[in-house]
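Taken from TrEMBL as is:
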type	residues	note
REGION	1-51	region 'Disordered'
COMPBIAS	26-37	compositional bias 'Pro residues'
REGION	293-359	region 'Disordered'
COMPBIAS	309-323	compositional bias 'Low complexity'
COMPBIAS	338-348	compositional bias 'Low complexity'
DOMAIN	373-469	domain 'Fibronectin type-III'
DOMAIN	479-576	domain 'Fibronectin type-III'
DOMAIN	676-766	domain 'Fibronectin type-III'
Amino acid sequence: MLPQFAIAGHGSEPSAGRRGAEPGLPGAPRPQPPLPGRPRSSPMPDRRRRGAPGARSCLLWLFVLLKSAEPFQVAVREDNCIVVSLEASDVVSSSSVYVVKIAGESKNYFFQFDEFNSTLPAPVVFNAKYHGLYYIVTLLVVNSNMVSKSARSITVLTKPLPVSNVSIYDYKPSPETGVLFEIQYPEKYNVFTRVNISYWEGKDYRTMLYKDFFKGKTVFNHWLPGICYSNITFQLVSEATFNKSTLVEYSGVQHEPKQHRTVPYPPRNISVQIVPINRNNWEEHSGNFAEESFIGPQEIVRKEKSSRPSESPTATPAANSSAGWLDERSNSTEDGTSSQPPWWSSEAESSEGEEEFVRAGSRDYEATDANTGSGRPTAEPPPFLPVQMVLTWLPPKPPTAFDGFHINIEREENSTEFLTVSEDTHKFVAELKEPGKYKLSVTTFSSSGSCEVRGSQSAKTLSFYISPSGEWIEELTEKPQHVTVTVLSSTTALTSWTASHESSGNSTIVSVLSLTCQKQKESQRLEKHYCTEVNSSSSLIENLVPGAQYQVVVYLRKGPLVGPPSDPVTFSIVPTGIKDLTLYPLGPTAVVLSWNRPFLGVFRKYVVEMFYFNPSTMTSEWTTYYEIAATVSLTASVRIANLLPAWYYNFRVTMVTWGDPELSCCDSSTISFITAPVAPKITSVEYYNHLLYVTWTYGGDGPDLSHSRMLHWMVVAEGKKKIKKSVTRNVMTAVLSLPPGDIYNLSVTACTERGSNTSMPQLVKL
C-alpha cells in the first residue's frame, strides 16, 4: 500500500462535467492554464512499466479514476483543519487505494487513506493555510485491476478569522448621521468578501452586509440623529459559489461590542425678545423680595425713612405698602410727572410730602437737580429695572431623537447659567436683573439608552446688550461690504466701506495686522508696530512702513456688541528704494557697487541687475546678477566680476518686498559705467628706411571690437622728441617716421571714453 503523502497536483481544477479526470487518459480534458496567482504545477511523470512486478503504485496513479458513489464526509474544525472521513459506501474493495485530492490554494494536495480491512481507516486531516477560502475535496479510487471508476467532489469553506479591534468615530462632515468605522483583523491568510455589521438601534435590532471597506475603514452615513446604537459587532463574511450553490461562513465575534450615539440636530428658528417690565406690575409680582432683587442700598434707606411716620399697630406690611405706594406713584406720574418741564426744581417736588421724595430717581428730576445750586444732596441714578427675556425655538428637524434642550446664558463672559428643559418646551422666559452683554445658545441633547449623553452643535449664538437704562441692543449680524483701502502715502492709508441704512449709525472697528512681520525672524524685523493685531475706531491707518504688506478687517459696533468681520483686504506699501548708489572700478573686468537704504522700510531682498550687450546672444537686456537677503544694516555692497573690458554696462539695485505678489522699487536706482580696456601687447618692432613699423595684439586672438567702447589706439615713441600717432581701433599696426641715431621708449595705449590702458613699454634703439 502507498504511504500517505502530499504532492503538487496538476495545477488546474477539474471541470464541472468531468471533474477528476487526469490529463493523458481517454476523455480527459486538456490541461488549462493556471489561475492568476496560482503557479502551474508539474504533471506527474509517467513511470509506468507494463507488466513489471513491484510497479503497482505507478500503475495505480496512471489509472486513477473518479468514483460516483455515496458522498464521503468532509468537515472543517475550529482550528481550520479539514477532516475527510471515508464511509462504508465509498469502499469498493480492500485492494483499492483511496486518495483525497484537496484543491484551492496555489497547489493541489494529495493524501492517501491508511490500509484497512474490516474497519474504516482513520480520517485524513489537512491543515488549511487560508481562512475564509473555499477548498474542493475530491475522493480518488485507484483499482488494482485498472478498471475505471468515477469519484465525487465536495466543496467546503473555511471560516475567516474574526475582527480583533473596532473603533467608531464621528464623521466630521455630518456627525448627526455619519460615523467612521475602523476595524482591525489579521490580514495574512485571511480572505473575506463582506463585513456583517449588527447593532441595536434603540430597541430595534439591525444587521447588514457591507463591503466598502478600504484599509479597514469605511464611512457609514445612514444612521439616525440622536439615537443610541448599542452592541455593535463586526463579522467577516466569506462567500463562494460552486455548482450553482452558495456557501457562506461568518467569523466569530472576539472584539468588545461597541456603542455610539449620533449627534442630534440643533433646534431651529431660535429667537429672543426683550420686554420691559412695568415697575408697578413687577413689584406686585415680586412680593417680599422686591428690594433684594433690584433696589440699591441707598434707596432702601430712603424707603425706611419714608415709612417711619406711618408706623402704627394697624400698619400694613412693607410689601403691601410698597405696592400701594407704587400705584400712587404710577398715577401721579401719568397725571403730572410726565408733563414736568426739565427745569422743575427739587423744592417743588418736596413740598408735596416726604412720600414724593422716593421719585427723586426719575431722569427729569436728576437732570434738574444737577443744574441747581440749592446745596441739596445729588440724587442717585435710578436702579436698573429688570427686563423680561423671552427665548423661543422650534424642535430639531426630524427624524431626531432628543430628550430636551440645554439653555446656556452667559453674561459679560464671566458668569454663566446652564439650564435644562424638557423636549416639549419651546419657550423660555426669564427676568434679567443686571445690565450687561449677554450670549444665549440653545442646544438639543439626547440621553436615552446606555450611550453617553450627547448634545447638538450650537446652530446659532444670540448676542445682545442691556444698558443700565434698560435699552435693548440687538445682535449685529451685518458685516461691512466693499471694504477698500486707499494708500495715501508711504506711511498712511484710508479705509472705506459700505453698510446698510439701518447700520449707518453704528461705530466701527478697523483691525490691522502686518503680514510681513510674520515672515521675518524676530531678530531681523524692521517693522514691529502691527506685528500683533491693532484695533482702532478711526478709518485712517497710520504708522505704516514702506515695503510692508497689511491685512485689514472691519467690524460694525453698537455699544459693546461687535458684528461679524468683513472679508479681509490685503494691501501693500511700495518700498522707497535705495539711495546713494556708488560704483568703484577694480580694473577692466570688475567693479564694486555700494548703496544705502532708508531707515524706515521693510523688504525681503536686494536684487542687483545689469544691462549690457551680450556678444554671444547678440541681445541687450536686463539680467539678474545677484540677490542679497535683507539685513538690519543700512549699507550694503556687492562685487561684480567677469565683465567685458571696454564695454558699456548699466547697473540697477532694487528692493523686493515679502508681499504676494512681490513689489519692487525702484527702476530709477541705476548707474552706468564703461569698463577700462585691457593693456595691448607689442608683438613686433621693425625699423626700415627711417620708418618704424609697430604691431600689437589686444585681448587674445582676433577680438571683435565692433560692439566695444574702444575709441582708438595711441602709439607713443618718446626719445629726444615725443612722437604720438592715433590709430583707429580696427587696425593694430602703425608706422612712425623716426630719424636714426636715437633711443625711443615705445608704448601703445588703448583708449575709451572714460579710461585707458597702456602696454608694457619697449626700448627701441635706432
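We count from 1, first residue shown onward.
Cβ coordinates are placed from backbone N, Cα and C, and glycine is handled just like the others.
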Practice problem: Summarise the model's confidence over the domain 'Fibronectin type-III' (479-576) as a mean pLDDT value. | Solution: 86
Quiz prompt | For the domain 'Fibronectin type-III' (676-766), the number of residues DSSP places in helix, strand and coil | solution = 0 helix, 50 strand, 41 coil
Quiz item: Counting each residue once, how many in the domain 'Fibronectin type-III' (373-469) are helix, strand and coil under DSSP?
Solution: 0 helix, 49 strand, 48 coil
Quiz item: Mind checking how the domain 'Fibronectin type-III' (479-576) divides into helix, strand and coil residues in DSSP?
Solution: 6 helix, 42 strand, 50 coil
